[in-house]
2 protein chains.
Amino acid sequence: MPVRLATTESDFAARFAAFLATKRETAEDVEQVVRAIIADVAARGDAALIDYSRRFDRIDLETLGIRVPQAEIDAALGAVDAETLTALELARDRIAAYHQRQLPKDDRWRDALGVELGYRWTPVEAAGLYVPGGTAAYPSSVLMNAVPAKVAGVPRLVVTVPAPGGVLNPLVLAAAKLAGVDEVHRVGGAQAIAALAYGTETIRPVAKIVGPGNAFVAAAKRLVFGRVGIDMIAGPSEVLILADRHGNPDWIAADLLAQAEHDPSAQSILITDDASLIDAVAAAVERQLKTLSRAEAAGASWRDYGALILVRDFEEAIPLADRIAAEHLEIATEDAEALAARITNAGAIFLGHHTPEAVGDYVAGSNHVLPTARSARFSSGLGVLDFMKRTSLLRCDAEALRALGPAAIALGRAEGLDAHARSVAIRLNPDHA
Amino acid sequence: MPVRLATTESDFAARFAAFLATKRETAEDVEQVVRAIIADVAARGDAALIDYSRRFDRIDLETLGIRVPQAEIDAALGAVDAETLTALELARDRIAAYHQRQLPKDDRWRDALGVELGYRWTPVEAAGLYVPGGTAAYPSSVLMNAVPAKVAGVPRLVVTVPAPGGVLNPLVLAAAKLAGVDEVHRVGGAQAIAALAYGTETIRPVAKIVGPGNAFVAAAKRLVFGRVGIDMIAGPSEVLILADRHGNPDWIAADLLAQAEHDPSAQSILITDDASLIDAVAAAVERQLKTLSRAEAAGASWRDYGALILVRDFEEAIPLADRIAAEHLEIATEDAEALAARITNAGAIFLGHHTPEAVGDYVAGSNHVLPTARSARFSSGLGVLDFMKRTSLLRCDAEALRALGPAAIALGRAEGLDAHARSVAIRLNPDHA
């Protein structure tokens, strides 16, 4: 059964701290294996990809080819039923519209001393998107990762996706096509990450790798970080719902279960000031679980990691919410806006009774790749900036350097960096050569 | 002697690739040691900090105290000579002014379907700045890391700095005070990173850790990443200068040496279309080395990693510069702006003959913490955004959910996530409970 806490209990602080510290994942130690795979792909290229795919995915890429032909991608799109296709197109267009507004502006100015300053944003030259195989191969995740890259202007966007037994999810191919992905390669695991980082004959290297994956993929991303950029390492999903006595127990239960069905390690938390809502929601969850296709995962998540927390008032809830730093925060209270304004740690906030988190997962337009495991304290959801980098710009003319130079010389000397000082002094007074 | 390459040589492509692949750092394998230190600090707190500082820094923090008293910081500022103080204040003010312009704007809008969308930026609740001891303890680096955090609005900014033998660099304390740092603790190494990530009795934990350090510090940052945010792992510094026949060999040599003096692993590269400039610069470097206080480091860097590259024209230089992806790029050619516009991979670009990189290191206002080791292909210099995170905001009313809901339901079902679909459907039609 989910844990029940109340701030009125004398040991609440300790129980809440213990709840926060609960580990929901056991990190498999796969680093040595992954390190060897990466070195092998870096050394042998396509031949290594063919070997690993034969072993891990039971697929002969020597015959089938590593790159998925355009005709196969087109056929997958053609086979999508009309309702799903319309929904995917709506999602694609709304994600694009939302992320367009994130495009950063360049800046350039001349200050009072005549120094020209500024910065400029440019897209990375190529990005790789890892798409997991199996049950976690979601077309919505393809859109959420690929569309912001294309909005950023990334000229080359590469998808790698394992095809165990030769099978690719046609919805993943369709989403890749809709998002404007340039290449799809049927390779997965640490070997796919290695190929994206080091390049092979078929897969040219990229500058940035994004997308979720299993323990091998996560370890590979950590190991290639530095050679290429990576996004966050995604953990199991979580939702925190703040609701008062106006909350609808059935709706809240449905939202808690929508999170829980992802994974037995997912986490769903309700904080309320209404003791009777806690009982009503707990009962609704049990009722809804009975008719849920993924009842096993959802039930395990709710039983092992679910929480029902009673507070005296929402003033008490604010610091708790900031400590939980939830990936998804739903606020269904009387003055949801005012409460939202005072909580700073959350990946995304869903306001009011009619905003189930699932609309954000699919079609609202905001990104569903969000910081998990309390990392909303210091990181943000995926966005356009993840596919861009900023270059600062600086220009002095002789006069500006005369104004600024003496201070640079003073600091260079104070730090014992005489060549720094000289590089300025030599321009102000040729005798300094 | 520095390597000399020319694009006219038949084996240029291979030699350039080999040059790019040259490793300038050997990563010490300190992970096991660091892992143990972190676990110990997490378990024993201040007592562990006291033990490690006694062992590694020969200092008794039990007597002296972990936190540096405000009076000691004030005294350090009071002891700074007038010229250095004025220069530090100028740098602080210019860094603040530059970074103010990076403050991101929140956004909130209602779209055609009546869906309210947006996002909001907030500062991290606390940040830690690691400052190395010894020769690399630069007051300018304190300003470059601390001022953007304060501009971002970080309410609690903590400096940790080792005090080997009890000695702290007074300029570091002065810079911390000028930048508005809230706490300074005299502890360094992996134990300082552990304290910032896990907290001790004296040092409360932070959400983000920035700042350069040795192999132990870098390994500790990698290990605590995920629990807290970290900035990039800094490598040895580098400069690429593009210059034509109008380039002044003495000025170029001074700039190459300003980079080289940092560290024997630093790298200085000249690309030019003028063969005679290469000879003149090489001679000027040798001449200037003779009178340089840090001639040993600068000479080693220039000899081992320096490069002089001759191109037919600057059209050829553009892809080379993008592949080098230099931390610092100086462009001293006839049409520097046009060339700069076509090079996308660089941490910072210094335009024209009168913009030595050293003004950017100290007083221009742009940040001197920049991506090294080719990471300018995918990452940016330190800035205000590194101390903030973005929360997305979403609000539907009943009508907006009716417009958007069916597509979310379709995608939830297409992905086999029935509880997702139900969380929307239950609000549109109560029979779905």
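Every residue gets a Cβ built from N, Cα and C, even glycine.
Unlike curated records, TrEMBL annotations are generated automatically.
The annotation active site, proton acceptor is assigned in TrEMBL to A:E327, A:H328. Per TrEMBL, NAD(+) binding site is recorded for A:Y130, A:Q191, A:N214. Taken from TrEMBL, the feature substrate binding site covers A:S237, A:Q259, A:H262, A:H328, A:D361, A:E415, A:H420. Taken from TrEMBL, the feature Zn(2+) binding site applies to A:Q259, A:H262, A:D361, A:H420.
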Residue, out of the binding-site residues A:Q191, A:N214, A:S237, A:Q259, whose Cβ gathers the largest set of other Cβ atoms within 10 Å: A:Q259
Rounded Cα-Cα span from A:H262 (substrate binding site) to A:H328 (active site, proton acceptor), Å: 14
Pairwise CA distance, A:N214 (NAD(+) binding site) versus A:D361 (substrate binding site), rounded so that it is a whole Å: 20
Subset of recorded positions A:H328, A:D361, A:E415, A:H420 within reach of chain B (CB-CB under 8 A): A:D361, A:E415, A:H420
Least surrounded among the recorded positions, given as A:E327, A:D361, A:E415, when other CB atoms within 10 Å are counted: A:E415
Where A:S237 (substrate binding site) sits in the secondary structure, as DSSP reduces it to three classes: coil
Taking residues A:Y130, A:Q191, A:N214, which bind NAD(+) in the record, the widest Cα spacing (Å, whole number): 13
Integer Cα-Cα distance in angstrom, A:H262 (substrate binding site) to A:E327 (active site, proton acceptor): 14
Rounded inter-Cα distance in Å - A:D361 (substrate binding site), A:Y130 (NAD(+) binding site): 18
All-chain count of other Cβ atoms within 10 Å of A:Y130 (NAD(+) binding site): 27
Output field, NAD(+) shell: CB within 8 Å of site CB centroid, site A:Y130, A:Q191, A:N214 dropped: A:P132, A:T160, A:P162, A:G188, A:G189, A:A190, A:A192, A:I193, A:G213, A:F216, A:V217, A:A220
Residues A:S237, A:Q259, A:H262, A:H328, A:D361, A:E415, A:H420 binding substrate per the record - widest CA separation, whole Å: 56
